[in-house]
Amino acid sequence: MTLRIGHGFDVHRFGDGDHLMIGGVRIPYVQGFVAHSDGDVLLHAICDALLGACALGDIGRHFPDTDAAWAGADSRDLLRHVHTLVMAAGYAVANLDATVIAQAPRMAEHIPAMRACIAEDLDLDTTAVNVKATTSERLGFTGRKEGIAAEAVVLLMPTGTT
């Protein structure tokens with residue numbers, strides 16, 4: 001077995017609500033996400049990166065938005081489930097790097113809590129989890145404050161068991 005790299009991307013538009021779930025953290029905001037689950041773009045991007053690194057498809061295959069069982073699902077539960085699939089495939093997360101792209105709300109004060117949630121769910125030290133945020137300089141849908149996007153890259157290492 002060799003090292004594996006995975007990349008994930010997710011986006012959700014804003015809709016009715018009073019908070020956003022990002023990185024497992026509840027962030028007060030004037031809107032919520034339009035989504036089948038809790039809409040956590042960051043955790044969804046991480047799930048896709050993990051699944052991609054193991055050639056296990058994508059989040060839509062494992063948690064389809066046509067399945068009522070996942071309606072309103074806590075994305076931390078999804079991430080923990082994906083982590084079990086990664087481990088069953090004989091891999092462990094070496095590290096991950098993720099970016100949240102949003103004009104608003106500001107993410108900086110929430111990043112330490114996001115890192116802690118992700119590290120806990122993936123059984124990692126927080127030093128192996130990096131989360132950063134950027135704007136799109138008022139360009140595109142994120143710049144117009146119509147939604148938020150996130151990207152994630154993960155490095156997996158073999159555990160020696162399959």
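Cβ atoms here come from the backbone N, Cα and C positions, even for glycine.
Between the candidates H19, H36, H44, Swiss-Prot assigns the divalent metal cation site shared with D10, H12 to H44. Sequence-ordered, the extra residues of this chain that approach the divalent metal cation site, with Cβ no more than 8 Å from the Cβ center of D10, H12, H44, are V11, F33, A35, G39, D40, V41, L42, L43, A45, A149, A150. Close to D67 (4-CDP-2-C-methyl-D-erythritol 2-phosphate binding site), meaning Cα to Cα within 10 A, are the following recorded positions out of H12, H36, H44, T135: H36. Between the CA atoms of H44 (divalent metal cation binding site) and F141 (4-CDP-2-C-methyl-D-erythritol 2-phosphate binding site) there is a gap of 19 Å, rounded to the nearest whole number. In this structure the C-alpha atoms belonging to T134 (4-CDP-2-C-methyl-D-erythritol 2-phosphate binding site) and H12 (divalent metal cation binding site) are separated by 16 Å.
Of all the binding-site residues listed here (D10, D67), the one with the fewest other CB atoms within 10 A of its own CB is D67.
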